[in-house]
Each structure stands twice: as C-alpha cells, then as structure tokens.
Amino acid sequence: MSLTEERTTTAHVVGRVEDVPPGEGRTFVAGGEQVAVFRLRDGSLHATQAACPHAGGPLADGQTDVDVLVCPLHQYAYRWADGSSTSGTAPIRVFAVHEADGALVVTL
Amino acid sequence: MRVLGARPAGATALHLDDDLDPRGRLVVVGNGMAGARFVEEVLERGGGDQFRITVFGDEPHGNYNRIMLSPVLAGESSEDEIVLNPHDWYTDNGIDLRAGVRVERIDTAAKQVHAADGSVTGYDHLVLATGSYSFVPPMAGVRRDDGSLLSGVYGFRTIDETRAMLEATSRCTRAVVMGGGLLGLEAARALQGHGLQVELVHAMPWLMNAQLDAEAGAILKRSVESLGITVHLDVLATEVLGADSVEGVVLKDGRRLDCDLLVVAAGVRPHTDVAVRSGLEVQRAIVVDDQLRTDDPDVYAIGECAQHRGEVYGLVAPAWEHAKVLADVLTGTDPAADYTGSRTATKLKVAGVDVAVMGVSTPERDDDEFLVISEPKRGVHLSVVIRDDRLVGATLLGDTRKVAFLTQAFDRGAPLPEERIRLLVDLSDGAAEVGVAEMPADSQVCNCNGVSKGDICGAVGGGCGSVGEVMDRTRAGKGCGSCTSLVKQIVEWAADGELAEDPAASYYVPGVPMPKPELIRAIREHDLRSVSAVFATLAPNGKDDARSKMGLTSLLKMVWGHDHIPEKDAEFINDRVHGNIQRDGTFSVVPQMKGGVTTPAQLRRIAEVAEKYEVPMVKVTGGQRIDLLGVRKEDLPAMWSDLGMPSGYAYGKSMRTVKTCVGSDFCRFGLDDSTQLGIDLETRFQGIESPAKIKMAVVGCPRNCAEAYVKDVGVVAVGSGRWEVYVGGAAGATVRKGDLLATVDSPQAVMTLTGRFLQYYRENANWLERTYDFVPRVGLDKIKRVLLEDAEGLCADLDAGIQRAIDAYRDPWGQDAAEPATPGQFRPALPLVALPKVPVR
Ligand SMILES: Cc1cc2nc3c(=O)[nH]c(=O)nc-3n(C[C@H](O)[C@H](O)[C@H](O)COP(=O)(O)OP(=O)(O)OC[C@H]3O[C@@H](n4cnc5c(N)ncnc54)[C@H](O)[C@@H]3O)c2cc1C
Ligand code: FES
C-alpha cells in the first residue's frame, strides 16, 4: 500500500478539450497508460481507466450523467466520485483531470 | 422428483428422548399455508419451550406459497422463490416434520394420530389444517378406471400439479380451462403465455360470479377476450374425450372443444375425510367455534378446512387470522382471544386485467350508499358500497389505482371522504394518501411474502433508498405484485422525501418522473427539442440521467421528426456509430438488403470490402441480410463508403428488416408478389425509430416461409389480391403468434395500415416494450377500433405522424461517412488490454 501512496504523481497533457465532445468520452494515452476522459455537459471533466473491470468494455463509449458512467457492454455503472460500482462489483480507477489553456491534463 | 425446500442429503437431526421431555405435545396435520403459519405464530410466542411440535404434511415438500403457483405456472416466478420454510427451518426450530406422510385418522379418545406410514403419534393438542382439494365435477370420461384423472387433465392446487402442467405446455397446443373464477382465469392466462390457445368454460352466467355482479362480469369478459382467450359462459362440460389422453370436452349444448390439456378449476372442497373418520362434526367443512375448536376440546381446525359461523373461506388472509388467534389461545399469550370472522378482499393476478374486490359487491340494505362508475368501452368498472359511513365493499375493474386506500378503509374502517366520488377517482387536489401513516406497524402489506409495514420501514431505515431496493431487500411486492402500489406509498412515507428515483415506477424513463403521455405533452408544451433541454426543464433539479438518455432520444425523434436537435451523448454507442457493439468492443456492419433481395454486384462488393478490412466473420443473418462482424470502430466510415450501401439498422431500436419469401414471381404456390411488397415496406419504413426494435415479414401464401406470423408486423397473401396483416408476433425469447389486425385488399392498404400501427405503437408503447407486449396490453379490440374504425379520431394524426418520421429519414452511413457528426466519432475506444477474444472461424 505505502509504495503506491508514495509514488510521485505526474501530469500528462493528453489532448485538447475540443477532442472530447460535450457529454461524451474519448480514450487517450497518458504516460503509457490508457485513460478515458469525459467532458460532461456541465463542463466538468472526469478521467477513468479505459477498460471496464467487468469484461473489458470500452468505457469511453459509455453513457454519462453527473453522477455515473455506464459501461456500454453490460450497463454496469461507476460513480465519478470514487470509481465505485453502483452494484457493488469491482470499482474502476479514477484520475484527476483538468484543463489548462485548452489542453487536457491528466494526473496519474 | 425434486423436493421443494429439501434438506441437503446427509443432514440429520437429534431428538430428545420423548419420555424425558416435559413439554406438551402439539401435532399439526397439514403443512400448507395455515398449518405452517400457525407453527410460526406459536414459535413467535415462545411456544417452542412449551411444546414439542410435530407437523404432518401429505406433500413431500417444505412449506411453500400456494398463492404463487399462478406466477410459477406463468413462468414468472421460479419454484425456489416460493419456498416459505424449507425442511431446514423445521429442524432448526426443533420441529419434527413428517413430510410426505398422510394422516389417516385420529383416535380422539386415546389422543393419537394414525398416519399412513403406520406410525402412531400421541398429542395433547391437535390442529387440523388440511386445506382443500380441486373439485372435479362429474363428467363422463374424466377419470380412468382406477379413479385417477385421465392423462392431460389437471387440478390446480399443488406444486406437483403445477409442475406437471408446465411440463405439458411444451407438447400441448390447445387448452380448455374449466372454471371462470380467480383460479381459472389465472390458469388460463398463464397457459396462454406459454403459447397455448386457450378456451375457458364457465358454468355460471358471468365470470368471477362469486365476487362480481353481472355488469362487472360482462366487462371482465371483454377484457379477458381481448387477451385472446375465448370464453364460453353459462354452460357445463358433460364429457371428456380421449382414450389414453384428453382430446377434447363436450359441452351440454353439444358443442365439442378440442384440447390436449384440460385444467379443472371449478371450485375447491375442504379436506374433511380425516375429521369425518375421526367422528368430528363436519358440515361443509370442519365446524369450529370462536377459538377454532372443534367439538372435541383438544382438536382445532384452521384454514380452508374450517367452517366458522357458517363460513368457509377460500383465501389465505382468513387462514392467517385463524393461525394468530389459535396461537394466542394455545400458548396462553391471550387465552381469551377469539375469532369473529373475516372480511375478505382479493385481487386477480392476471397481467393486463386488473381486478380487486373486497366485501360485498352490491347494496344489501335500504340505506346502503352505492356509487358506480362504469366505462365498459375502456374496460373500467368501479363501485363502492358504504354502510353507516364505513366502506363495506368495493369492486375495482380495469383501474386499481385506488386499491391501497380502499383496502385501508375496508380493513380498518378509516374515515371516508365527504365527497364519495373521491373514493374512486383522484380529483387531483393532493388531498389523497390517507391511511399509510395511520397503518399499524405490524399490519401485513405483502401477503405473498409476509412483509409488514414495519419490515418496510425497517428497510428504509436500514438504508434502502428506493422502492426497488426495498422490494429487493424485503421481498415485498415480489410475489403476485398486487401490493406494489401500497409498498411504494409506505416507502415514500417512511423515507419522507429522502427517496432516490425509482426505476421501477411507471415513468417512461427513470430520470424524468412522468409516464409517457404526460412526458410527450410536456415536451410539446415547453417545446423541448433536445435531451439536455428535457432534463433541464423536466428532471428533478434539472439533473441528467445516463440510463434515461436513449429512451428520450427515441421519444424526441418520434415527437419532432427532423426538427429534433440531435445530441450524440444522448445516444447509445450503437446509434452514435451506427453499428452493433460486440463483446470485444468491435462492431458489426449490416448493409441494407431490402426484402432480403440482393444482386451479384452487391455480393461482390461486400466480398471485396470484407477482404479489404480483414473482417473476421461474415454471417448470413436471420433477417435475410449479411453481417460483417468484428469491425474496428475506426474502419467504419471507410467501409461504408466502399460498400456504397445504406445502413440496415441492425443495431437500433428501430424498424430493422422486412423478410420476404419469393412470392408469385418464382414460387409455384405464391399467391401474390410478397417480395415487392416487402421491398416497398422496407423502403417506406426504413430506419424509423420506435420504442423497441421492429421486425417485419411478408409472405406470398399462408405456408409462411418468411415467418410472417411471428413478426411485429407480418403480412400474408391470401389470394385474390387480399392480404392479412398480423401484429404483435414474436419469435425470440418470447414466442407469440401475431394477432390478425385486418384483411385488406391492396398493397397500398397494407402500407397505410402498417404505418398507422407503427405510429400508434410509437406514441403509446413504453420504452423497450415490444409489440408482443404492447398489443396484448392495449388489447386487439381497442387497436382495431382505433386503427380501423377511427373510433378515437386519431387516424389522420397517426398518418401525418408516420409521414413526418419517413420524411426525416437520412441514411446515417452516407451522412456520417462524409463528415463525422462529432470530433473523434470513430476514434478507437478500445484499450490495449487483451479483451475476451471472439473466436474467428
Ligand atoms: C393457484 C392458486 C392461487 C391462489 N391465489 C390466491 C390469492 O391470490 N389470494 C388468496 O388469498 N388465496 C389464494 N389462493 C388460496 C390459498 O392458497 C389458500 O387459501 C390457502 O393455501 C389455504 O391454506 P390451508 O393451509 O388452509 O390449505 P393448504 O395450503 O391447501 O394446505 C393444506 C395442506 O394439508 C395437506 N393435507 C391435507 N390432508 C392431509 C392429511 N390427511 N395428512 C397430511 N397432510 C394433509 C395438504 O397436502 C396441504 O399441503 C390460491 C390458491 C391456488 C391453488
Ligand atoms: S464490460 Fe463493462 S459492464 Fe460488462
């Protein structure tokens, strides 16, 4: 546990904000890791691991609302807040993401 | 045979040596709903320390919920779901269960029970809870020489009978159900759901004559017939045909009904043989006093085998009241407890026909108040009988929204509104919802699973945030479902506004709290043209909801046609990229092939494209098209361009395909040009979005080679230029033959009628409700009246509505291949991790 906690975080510019249309998600690579970045209609940004822990579904193809992301394959839902699954299955990892001068910055 | 609620093999139980046990001996005969509930009530009162309990049950199973046999027969519940107390429960509570052992007689002088296995068991207190059996009226040929029922003839009382019927449904095609009471109707509907053609024979002049008056019975008949069940009233069956197995029944008027399955639900008779043999007083049933005692001071009777103050009940609620009172008396918790009779209420557990009745159905005294609302056309008949300001009876047919309140008023004598009409209809000033707050915590809400108001409140207190969660946790409402609205009210009351949205509600989509008609009205009124606008205006706090978006997109396309404002994020991935997502995140590409007709040039092009993009699998579909599977998202636009064919819509909640047979051009049996009509239908209705997918077929003769009888819309040429139009068919997880909507005399008339039906379905079906559910729900008669006779003056609007959708059609492939709809529309979302590999052949 302590090892991961001490790992230094790095910020990665993965693309431009316009690359992600409102309400949708797109997959990017950040520091060799696949991440799905979402831009909600309220302007907020979210980033998660790209593959669904259930059966590898492409999360960036999922549907979203202010609370959750829904995987397109079997409709499992994951909360933005902490990546937990609403049905109590395995959680997804969520990453910090913000905009800087129009660039999407994901922190791993 | 599998024993329901059986103990795992090898489990044993320890018994205390009888002679050393100081406790009294309590023996129960009958392990049904009354007997087992009585034991539960005794244990709850600490009776486990007072009594050594032995239970005899003729059935080998643990105790199960008999009421739920109807949903089991309908395939809606599983056997395991209806177990109330498995064998283990008896062991755990130190009860000696003699399952599968029939009691033969009682020696009341020696106080001993003699059972069929030869055992003799002494008792201090004996409780008879032997229930009833199905009454089989005398009919020639119904029994074999040895007295058993002819093969294919069943009563409907036990799990074993239910299993046997379920098993028979796979080989039988026509059923006759004798008896038009609750049980007969439930059996008829359940069998029909298995695809059998069902006729119902009832000896009385109207259905449910024990509970309904003639007028309500007539309305019920129409509702039942609209489900496709033929009803014969006022006629007896006199003979059962068939030497080895049933082949039909003969009615008194000489008519013969063919069938390979016969269900006898013509009433029940109490099991009184043991009591008679033992010298107890038996009239219609075993006679008991207000403490459920027979004429022998140590023998009691409860449930359907008991006759109290001249009444014999056929419902579970009185049986449970008996159990309570007797447990009070025997455990000494309340030695003076008495039972003074039950006021009964029942509901019919038949999907699509709502019936709830309680108390009396007509006024009996001069000053009884009687209020009736009758709308035979809508299948609605509501009435209440009020005596001295108390509700003494109510009948709700076709509209049971007020049942929760009326049940409260009936059970507890709650005060009634001054304006009596408020008992039956909401005059929408919010003054409803009396009752829930005043209900005592221990009052039973779900009879099927024995859940009280207190249990429900406990679940809410324990963190359940929605009606659905509460139902999952407590199992309330998971039985016959008739208490769902009351459960909902209690949850809302208990949560006091803290409730999450409940997807189980009647909303069109979970995120916007409105049923479909209201939602459509609001969308028009506020001129909402995009999904985000709908959320902003109509959702609680303007909050969006991922699971509601797809349904709303479909609805907006229906309401506004070309004038809706598309939002890609409101679409499911399939609609965003116009392909069907596969388990490995790739997509399938199905080009349009109208009527299943193709050309060598088209096939050549498909072959070239498949090779160029290394398509792992090419498959001919059930819908007469060609499927290219395993296509990468980023390849989609280029593939479409290379194909140069429009989308076949194999992914959407929309009109998908029209299958055809070769019709009169080549087939020697063909009566008409089904191929051309299929092509024309697909051309006209291509890509039209709808509440769920729509599949069509046209066949050139009733041999039905393209399976038109089992499509959402199926068209069958019958010769002389005439076509039959069937709707509501299905051959997927549900198999249903479509209902004949009309026979018309030109292809043009087929097109018009199909369009009208589609639009009516689009406007009125719930999200994801297939036509095979929609048509029976609305009722074929009503659909005919609306579409053929224009009874509601809707036809012109329906025609205009479908035309609007047709005009809005754009081939999505042509459009998005030229220019992506959003940036990165076809950008890979596939992670680099290994996905489950779809095998490539
Ligand atoms: C399909 C179906 C649907 C129903 N739906 C409803 C409904 O919606 N609402 C409602 O209120 N009621 C409904 N009922 C009626 C309800 O099930 C009965 O009222 C209830 O089961 C009565 O309980 P009981 O214990 O008196 O009889 P039972 O539950 O029949 O139990 C009697 C038991 O005693 C056993 N037995 C009989 N004789 C002997 C013997 N000599 N020795 C040992 N054991 C013996 C029998 O095998 C049986 O297991 C329905 C019934 C059926 C069959
Ligand atoms: S792969 Fe995501 S829900 Fe199954």
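Every residue, even glycine, has its Cβ placed from backbone N, Cα and C.
So that you can see what the record holds, here are the features copied from TrEMBL:
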- B:C661, B:C667, B:C701, B:C705: [4Fe-4S] cluster binding site (BINDING)
- B:C705: siroheme binding site (BINDING)
- B:25-316: domain 'FAD/NAD(P)-binding' (DOMAIN)
- B:345-411: domain 'NADH-rubredoxin oxidoreductase C-terminal' (DOMAIN)
- B:445-492: domain 'BFD-like [2Fe-2S]-binding' (DOMAIN)
- B:581-643: domain 'Nitrite/Sulfite reductase ferredoxin-like' (DOMAIN)
- B:652-790: domain 'Nitrite/sulphite reductase 4Fe-4S' (DOMAIN)
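Here the features listed in TrEMBL are placed on the structure.
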residue: B:C661; record: [4Fe-4S] cluster binding site; CB count, 10 Å: 27
residue: B:C667; record: [4Fe-4S] cluster binding site; CB count, 10 Å: 17
residue: B:C701; record: [4Fe-4S] cluster binding site; CB count, 10 Å: 19
residue: B:C705; record: [4Fe-4S] cluster binding site; CB count, 10 Å: 18
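Using the Cβ center of B:C661, B:C667, B:C701, B:C705 for [4Fe-4S] cluster, the list of other same-chain residues with Cβ within 8 Å runs, in sequence order, B:V662, B:G663, B:F669, B:G670, B:S674, B:V699, B:G700, B:R703, B:N704, B:A706. For the domain 'Nitrite/sulphite reductase 4Fe-4S' (B:652-790), the partner stretch with the highest count of Cβ pairs under 8 angstroms, out of B:25-316, B:345-411, B:581-643, is B:581-643. Applying DSSP to the domain 'NADH-rubredoxin oxidoreductase C-terminal' (B:345-411) sorts its residues as follows: 12 helix, 33 strand, 22 coil.
Mapped onto DSSP classes, the domain 'BFD-like [2Fe-2S]-binding' (B:445-492) shows 26 helix, 4 strand, 18 coil. If you average pLDDT over the domain 'FAD/NAD(P)-binding' (B:25-316) in this model, you get 94. Secondary structure at B:C701 ([4Fe-4S] cluster binding site), as computed by DSSP, is coil. Counting residues of the domain 'Nitrite/Sulfite reductase ferredoxin-like' (B:581-643) by DSSP class, helix then strand then coil, yields 27 helix, 15 strand, 21 coil. The helix, strand and coil residue counts that DSSP assigns across the domain 'Nitrite/sulphite reductase 4Fe-4S' (B:652-790) are 54 helix, 37 strand, 48 coil.
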